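Encoded as structure tokens, the structure appears first; notes follow it.
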Amino acid sequence: MPDRVSVYVRVAPRDESRRHRAICKVINTDSILLSSNPKRQTTFIRSSFENKEEKIFKFDKCFDEGFGKINSQSEFYKGSINHFVKDALNGYNCCILAYGQTGSGKTYTMMGESKNDTRGVIPRFCEDLFHEIESIKIKDSSDLSQRSEYKVVCSIFEIYNEQIIDLLEMNEVQSCSKYRVRENRDRSMYIENITEIEVSNIDQMIKCVKMGFRNRTTRSTNMNVNSSRSHAIVSITIKRTDIDLNTNSSIISDSICRFVDLAGSERSTATQNCHNDRLKEGNSINKSLSTLRRVLTSLKKREELKYNSNSNSSAHNIVVPFRESLLTWILKDNLGGNSKTCIIACISPTNFEESASTLRYADIAQTIKTNSIINTYSNTTLLDNLQKQLRIMEIEVNKLQKDQNSSLELQYILNNLKLENKFLEKNFINRANLSSEMRKLLIDSEIKKFQLMKVILAIEIKLKDPKKIDAKLIGRLEQLKLNDAKLYNNFVLNKDKFEATVDIYK
Ligand SMILES: Nc1ncnc2c1ncn2[C@@H]1O[C@H](COP(=O)(O)OP(=O)(O)OP(=O)(O)O)[C@@H](O)[C@H]1O
């Protein structure tokens with residue numbers, strides 16, 4: 001079912017945002033007037049400098065009125081994200097991205113603080129997820145015909161300088177190169193070798209998420225990295241199996257929920273990036289965020305073409321640069337693919353340009369369509385797929401056996417050739433006793449022996465790896481056959497077998 005990327009706007013409190021930006025040494029602050037109107041779902045932004053324009057954006061929901069009321073974490077969660085719990089349990093992939101400049105409240109919104117009422121979207125989602133699972137289990141317990149089983153797996157990583165850092169890996173010294181982004185058969189993305197922890201209740205889940213974010217802070221301190229310079233991704237995989245106890249058949253649904261706390265979106269010129277490492281950091285953040293913006297722009301263009309020209313072919317000519325950064329490659333399916341996606345546009349009332357830029361990109365994002373489907377299959381489909389795979393493997397095994405047979409046939413031919421060679425050698429040694437006519441014959445056979453040795457040598461080499469047998473060798477054997485059919489027939493006692501072997505490799 002086509003969905004649209006939804007956008008929720010959140011405004012950080014003026015003082016907090018300014019204090020955080022001061023700590024992060026962000027310069028170029030600007031004084032702006034910014035307010036959201038939750039009734040109309042609009043956000044108004046205007047620089048207090050007279051020459052800057054006024055802008056009004058309309059989104060799915062606008063929270064926090066800027067100068068007025070600040071929405072609590074609970075109000076924000078209930079008004080935006082909590083419906084994703086049911087979606088995820090029903091088998092839909094979901095993705096929640098927090099986008100905005102440094103100090104605009106991305107981490108506060110996603111993770112929140114340790115105080116109970118200030119916890120963010122991720123811990124609240126995890127709590128709701130297990131509450132929902134528990135309530136389904138209680139409902140099931142009175143139903144004798146059905147039972148549901150759940151498996152929840154969590155992985156947490158960050159992308160820093162275009163490398164993946166596993167935040168659940170106990171060993172602090174990590175080889176980043178072992179983490180590879182791979183594509184599943186259904187074209188969804190996964191990270192090879194990433195630590196995955198199975199959790200079975202709220203406590204385990206929250207501990208896992210907290211450990212990931214604690215590692216993010218510890219590692220960033222050890223590496224002298226500000227956490228806002230990396231993108232943190234929490235990935236929760238949910239597998240639900242509904243078993244019909246009467247028929248013993250089951251329906252399985254799989255979904256992945258990704259929570260992405262993006263690095264600060266300000267341009268590197270806006271921060272005091274003079275140090276080499278900082279410059280590298282800045283460049284890679286710029287690269288991934290600018291790729292993200294280009295991906296959003298290309299997807300929007302694609303949508304417009306589809307809508308205006310009513311032709312899919314011109315829309316498909318638009319190349320979306322997913323592969324140009326790790327971030328967009330991992331999120332490929334979430335941006336315009338099989339996912340229910342939302343962007344939380346975090347803005348801070350201290351910088352006109354950056355806030356306007358965040359709102360502009362959120363505006364582009366909300367035009368993008370996704371195609372979320374319930375990722376479900378029955379155990380009979382699973383069986384069908386496994387049987388299909390089995391058949392493919394059987395064909396492979398047969399082929400391999402055939403190769404092995406061919407190699408046995410070649411071995412047989414080789415032995416015959418060796419025998420013939422011995423015969424020729426014997427004649428060669430006794431040639432002094434031969435008549436001139438016989439000698440001529442032997443010179444011929446000497447040439448043939450030489451040819452034969454070459455063929456034997458080639459076959460011996462190829463026997464080590466029969467697959468590598470090439471047209472040249474077959475050509476040589478064929479030539480031998482043409483030059484002297486009698487000799488050839490002597491070499492090969494079982495002619496048919498030999499030809500069959502040659503045919504296989506033709
Ligand atoms: N809605 C809010 N209510 C209360 N405090 C907030 C809110 N938004 C942000 N803050 C406070 O503002 C400060 C900066 O927020 P936060 O660290 O979440 O910003 P950020 O966008 O993640 O920055 P960075 O990109 O540097 O990681 C924090 O002290 C946080 O507690």
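Every residue, even glycine, has its Cβ placed from backbone N, Cα and C.
In TrEMBL this protein carries:
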| type | residues | note |
| --- | --- | --- |
| DOMAIN | 4-368 | domain 'Kinesin motor' |
| BINDING | GLY100, GLN101, THR102, GLY103, SER104, GLY105, LYS106, THR107 | ATP binding site |
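Taking each Cβ in turn and tallying the other Cβ atoms within 10 Å, the top scorer among the binding-site residues GLN101, THR102, SER104, THR107 is SER104.
Proximity of the binding-site residues (GLN101, SER104, LYS106) to ligand 1: a Cβ under 6 Å from the molecule is found for SER104, LYS106. In the structure shown, the C-beta of GLY100 has more C-beta neighbours within 10 angstroms than that of any other entry among the binding-site residues GLY100, GLY103, GLY105, LYS106. Mean pLDDT for the domain 'Kinesin motor' (4-368) in this predicted model: 80.
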